[in-house]
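Copied from Swiss-Prot, the annotated features are:
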ACT_SITE  LYS175  active site, proton acceptor
ACT_SITE  HIS294  active site, proton acceptor
BINDING   ASN123, THR173, LYS177, ARG295, HIS327, SER379  substrate binding site
BINDING   LYS201, ASP203, GLU204  Mg(2+) binding site
MOD_RES   PRO3  N-acetylproline
MOD_RES   LYS14  N6,N6,N6-trimethyllysine
MOD_RES   LYS201  N6-carboxylysine
Amino acid sequence: MSPKTETKASVGFKAGVKDYRLTYYTPEYQTKDTDILAAFRVTPQPGVPPEEAGAAVAAESSTGTWTTVWTDGLTSLDRYKGRCYDIEPVPGEESQFIAYVAYPLDLFEEGSVTNLFTSIVGNVFGFKALRALRLEDLRIPPAYSKTFQGPPHGIQVERDKLNKYGRPLLGCTIKPKLGLSAKNYGRAVYECLRGGLDFTKDDENVNSQPFMRWRDRFVFCAEALYKAQAETGEIKGHYLNATAGTCEEMMKRAVFARELGVPIVMHDYLTGGFTANTTLAHYCRDNGLLLHIHRAMHAVIDRQRNHGMHFRVLAKALRMSGGDHIHAGTVVGKLEGERDVTLGFVDLLRDDFIEKDRSRGIFFTQDWVSMPGVLPVASGGIHVWHMPALTEIFGDDSVLQFGGGTLGHPWGNAPGAAANRVALEACVQARNEGRDLAREGNEVIREATKWSPELAAACEVWKEIKFEFDTIDYL
């Protein structure tokens, strides 16, 4: 190579691999009100200092890459970079710590959970310098949350649409979840709704299979709920699952549901994706449809304590993306969920302002500035004996959903629904009279069986059913 064409690595900028902490670990940084804040549980590889691991997370989830590049000089890294501003040990864990990272707002597209997650929970989770990484919480500033529509309607508007106040709403997932014909499926819906439930539900894996195509199911379910409404004088709903293989097909199903005049549709927001979910949520607000959200696939993401993402983050993301209901565990049923942690993210779904409370897993104060709330849905392995605890734990603004706990009644679906309705109203009345459901719940249920043979039969069937396993989602 001639001297005239020879280049040197030292010309222009200093190339090579740098320690992340030199640029991205900034313990002196004062966070701004507009920053998005993240709390990561970090498990570094042996020999990697905590400061370097925390800085690597900040770098790889914002502006950094593995080497210095000359185009760094064409922008202001100081303006756009993520910053690891604090590190604290995890009690009882020698090799883990919490890294707090602040991201400037300009890194994220307005109104896009998809873009937010692509950065914050993207490639950094496969970074070799880390043995494991878990996103425990996010602080979404009002400057960013106001760029989202949020839930299509919210809790108060839903109650006004249904004309139902002062108690939790009751639901039921139709079983068997797969295999029924559309007409038999509609028959099961009708029996549950006329028996006293407010809602019935498609199971999350019911889309449009050979045994029951979606259009047939929609028609028979609409017929069932209109018939039940006429008989009971109450507004009824069935969560028609619009989830599909393409956004176009999903929207076609939502449009048909609206044409049928039903009050609510459903989406599997994690398997369907945030882009599809936000699209559907916007349509639901514009067209007066409530939107029920199922969280199928969440445990793949959130169940491991050391890696992935806590459900409280997925709950915040759903509130921004849009949904009027979301499944949130039961505390007392067959699915994972510790009480204080569960109530922490239930408050994040429902309330306007939630204070930092590490005892409930809430790492940051969250201000939703009047974004509509989401009703938490308790579903999975629950029955009439759980009703006092569910009423006491979740309060009025919730949906209590009994699938097997309705359809497993020895006398059929309608008596199963009646048993749940009687149990709920007995618990609400007892609570309103000042009785302690935590201590007197079983007595309240037994008293109600005296004037409800349906409830008495249900109590006899499920008196021995318990799911007593230790939770792994603890603080």
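Just so it is clear, glycine is given a Cβ too, placed from its N, Cα and C backbone atoms.
Cα of LYS175 (active site, proton acceptor) to Cα of ARG295 (substrate binding site): a distance of 18 Å. Other residues of the same chain near the Mg(2+) site, with their Cβ within 8 Å of the Cβ centroid of LYS201, ASP203, GLU204, are THR173, ILE174, LYS177, ASP202, ASN205, VAL206, TYR239, ASN241, MET266, HIS294.
Checking each of the binding-site residues (ASN123, THR173, ARG295, HIS327, SER379) against LYS201 (Mg(2+) binding site), the C-alpha distance stays within 10 Å for THR173. Here the CA atom of HIS294 (active site, proton acceptor) lies 26 Å from the CA atom of ASN123 (substrate binding site).
Sequence-distant neighbours of ASP203 (Mg(2+) binding site) (same chain, 6+ apart, CB under 8 A from its CB) are THR173, ILE174, LYS175, LYS177, LEU178, ASN241.
Of all the recorded positions given, namely LYS177, HIS294, the one with the smallest number of surrounding CB atoms inside 10 A is LYS177.
Cα-Cα distance from ARG295 (substrate binding site) to GLU204 (Mg(2+) binding site): 9 Å (rounded to the nearest whole number).
DSSP assigns ASN123 (substrate binding site) to a helix. Secondary structure from DSSP puts ASP203 (Mg(2+) binding site) in coil. Among the recorded positions HIS294, HIS327, SER379, the ones whose Cα sits within 10 Å of the Cα of GLU204 (Mg(2+) binding site) are HIS294, in sequence order. Sorted by the number of other CB atoms within 10 A, the binding-site residues ASN123, THR173, SER379 start with ASN123, the lowest. Following the DSSP three-state reduction, the secondary structure of ARG295 (substrate binding site) is coil. On a Cα basis, HIS294 (active site, proton acceptor) lies 6 Å away from HIS327 (substrate binding site). Largest Cα to Cα distance within the recorded substrate binders ASN123, THR173, LYS177, ARG295, HIS327, SER379: about 37 Å as a whole number.
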